[in-house]
């Protein structure tokens, strides 16, 4: 029989799924749209390259500022209303992008990307609402289900984006729009209780203050810089390997979706197998993160070479699987370097740094792609990831034991 608790939390699982699903869904769609013959015929190559980079970078820019905005709204209006606002906002964003595909008006598409980034904070809010409903005994099981939902979204999102855009560029946008509206209805009907609400205080400076505070922290500063460099280098790879696979290897939108799904599968294996294995064997998060950085950076450097297409597919899986031990290990080091009353702030560093890294990667590449070949961006990304290990060497091993993991 279906667990009543799980049934009651289905709206929250839907919000978590859409948050991660929509991230991967759009990358194959973006590459396919900007190489569509109608778009190529309307926009000059230089302008199209700028718009392509903005399509990649506006989403993380929205995330960078939207995370704190949604946190403020959640404190003031409650998690249920904020989740409903996010779902409605995402639905509007996908409607804008659908209209952009219909009209080939890329500025509408960019507006939709920015808005979807601003509304892309449903996952943490939904997870917090789940933890409010969980007892100490249930919390571990509920968190494991959240990880499972995230893993499914990581793999299914890009594959769905590629498969649906292969049929019609509007199809993935319509599918995402329907999902958002369905989740909006489920959340609206769900009996979600809110805790004590606070007066609304909106601050657009909070993400910047978080960033500056992290870098100035005597212990967390080097770790935050390491995390930023690591994510910046990986972002250059993650964004532009799809462009290379389309331009150089001629992958269709369906094949791009499968390629992105391979990356998502690498994330899943990296989280569930590679990280746990390294953590149990090494019992030192610093060494786990260093191995992940080295493997990820070397894999990206190799991917910059003119390799056979099947080798690029294999490398994509390896790079993604190596990325997660570094990602999780660095976040664990940051968390363990913070005091008890700094944990919420410390855990927010990862999201802020990731969003900033992807924004900078997309924006910087908009200028560089006019002067340098794209493979050089991948090579630079690999070097930046390896450079992250240099700052990591300045940090102490703050987690001596991981045997219980």
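Easy rule for this one: first residue shown is 1, then count along the chain.
For all residues, glycine too, the Cβ spot is worked out from N, Cα and C.
According to TrEMBL, the feature domain 'Major facilitator superfamily (MFS) profile' maps to 8-399. Feature annotation from TrEMBL assigns transmembrane segment to 12-30, 50-70, 82-101, 107-131, 143-167, 173-197, 218-244, 256-276, 288-307, 313-333, 345-368, 374-392.
A contact links the transmembrane segment (218-244) to the transmembrane segment (374-392), because at least 3 Cβ pairs that are 6 or more residues apart lie under 8 A. The stretch with the most CB contacts under 8 Å to the transmembrane segment (107-131), chosen from 50-70, 143-167, 288-307, 313-333, 374-392, is 50-70. Contact counts against the transmembrane segment (82-101), taken as Cβ pairs under 8 Å, peak for 173-197 among the stretches 12-30, 50-70, 173-197, 288-307, 313-333.
For the transmembrane segment (12-30), the partner stretch with the most Cβ pairs below 8 Å, chosen from 50-70, 143-167, 288-307, 313-333, 374-392, is 143-167.
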